[in-house]
Amino acid sequence: MSTNEAAASQEDIALAQGAVLVKSCQVPDGSIPIRGFDFSTASGPDFSLSAILSSYMSTGFQATHLAQAIQQVNQMLSLRDTPLTCDDDEKLFPYPEGRQKRSCTIFLGYTSNLVTSGLREVLRYCVQRNLVDCIVTSAGGIEEDLIKCLKPSYLGTFTMDGAKLRSNGMNRAGNVLIPNDNYCAFEDWLMPILDECLVEQEEKHLNWTPSKLIQRLGERIGDESSILYWAAKHRIPVFCPALTDGSLGDMLYFHSVKSSPGLRVDIVEDVRHINTIAVKSFKTGSIILGGGVVKHHINNANLMRNGADHTVYINTGQEFDGSDSGAQPDEAVSWGKVKPSAGAVKVHAEATLVFPLLVAETFAKHEGHKD
């Protein structure tokens, strides 16, 4: 190699090193080193789920987001348990109506497919233990909870032939199968209740809303496996702005054909109710599983108070199509639906995978400490 070639080579190396080995700045104080759960140091074969989940904060990626979500929910619960500091007049004006006023109102939202799945039992636990204050779901989140009290759904696969299932009277939701007979049983149970509601509308001038109708259905189902049973028992309002978008809507349609005048369901009274809940709350926390109308209805109610104080999203939606379903929490901050100080977090995951883990480290542990 010539002297010129050697000099050029050294210059190239120096240039490459300067590009590759850029000097690092000082790591900020409090930075968390990345480290996952070490099974080799676990104490015996009976290490706890809690020990694994406690390592998630330093694991990175969505494990860290789940750990942050757990922190957020525990902050909601801690704040909710804080004694109220307000005058007696304010305490006499509680929201939601018929419930004890809390220092933090927890909104829980979930899409219908999650009630179709076994996540129904996890959701029911939170409602049964009276740990949330306001629920928003879609029509399937109402009907699937009630139908499962009448007849079960079954495990299938994602790849089952649709035409064959149709000819056999089986409906597929992901890898869950719902026989058509389930909806027949639902119709037989529901129609007499709708008849009663119509009589009350005409004779007592009762103005039905989705939440009032859902409260009635929860009272009538009489089954402790039901989310709505416990919501009715604890007077937790369940809002469903898209009540007609599902089998429940089919039944309302069938009922309207045979009834004149028909049953009327007022969504305006309900939007006033949920917005007033948000406005009259001292602090609010939102836990939203999935997207669509469920996510936006909770966020928009919190806009009326200039944003939720704590927010957790769990969904698989992406923001690149401009949808509200996939939007990050910071987009909601721009609209005033989440406070900038909320420490909001989105867990990019399918809710049946991670919500039971979150409940284990938050709601269940909270109740365990009380017991």
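Placed from the backbone N, Cα and C atoms, the Cβ positions cover glycine too.
Values in this document were obtained by computation on a predicted structure and should not be read as measured data.
Residues or ranges marked as active site, nucleophile in Swiss-Prot: Lys337. The NAD(+) binding site feature in Swiss-Prot is assigned to 112-116, 138-140, Glu144, Asp245, Gly291, 316-317, 350-351; the stated evidence is similarity to another entry. Positions annotated as spermidine binding site by Swiss-Prot, on the basis of similarity to another entry: Glu143, Glu144, Asp250, His296, Gly322, Ser323, Asp324, Glu331, Ala332, Val333, Ser334, Trp335, Gly336, Lys337.
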TODO: Please tell me which one of the binding-site residues listed here (Glu143, Gly322, Ala332, Ser334) sits closest to Ser112 (NAD(+) binding site), measuring Cα to Cα?
DONE: Glu143
Open item on the list: Between the Cα atoms of Thr116 (NAD(+) binding site) and Glu143 (spermidine binding site), what distance do you get, rounded to the nearest Å?
Closed with: 9
Task: Cα-to-Cα gap, Gly336 (spermidine binding site) vs Gly291 (NAD(+) binding site), nearest whole Å - done: 18
TODO: Filter the binding-site residues Glu143, Asp250, Asp324, Ala332 down to the ones within 10 angstroms of Gly317 (NAD(+) binding site), Cα to Cα, kept in sequence order.
DONE: Asp324
Task: Integer Å distance between the CA atoms belonging to Asp250 (spermidine binding site) and Ala139 (NAD(+) binding site) - done: 11
- [ ] Would you mind pulling the longest C-alpha to C-alpha span across Glu143, Glu144, Asp250, His296, Gly322, Ser323, Asp324, Glu331, Ala332, Val333, Ser334, Trp335, Gly336, Lys337, which the record has binding spermidine, in angstrom?
- [x] 38
- [ ] Starting from the Cβ of Gly291 (NAD(+) binding site), draw a 10 Å sphere and report how many other Cβ atoms land inside it.
- [x] 19
TODO: Round to a whole number and give the Cα-to-Cα distance in Å for the pair Asp324 (spermidine binding site) and Gly291 (NAD(+) binding site).
DONE: 7
Open item on the list: Please report the Cα separation of Leu114 (NAD(+) binding site) and Asp250 (spermidine binding site) in Å, rounded to an integer.
Closed with: 20
Task: Secondary-structure category, per DSSP, in which the residue listed as 'active site, nucleophile' falls - done: coil
Open item on the list: Are there any residues at least 6 positions away along the chain from Ala332 (spermidine binding site) with a Cβ closer than 8 Å to its Cβ? List them or say none.
Closed with: Asn299, Gly307, Thr311, Val338, Ala344
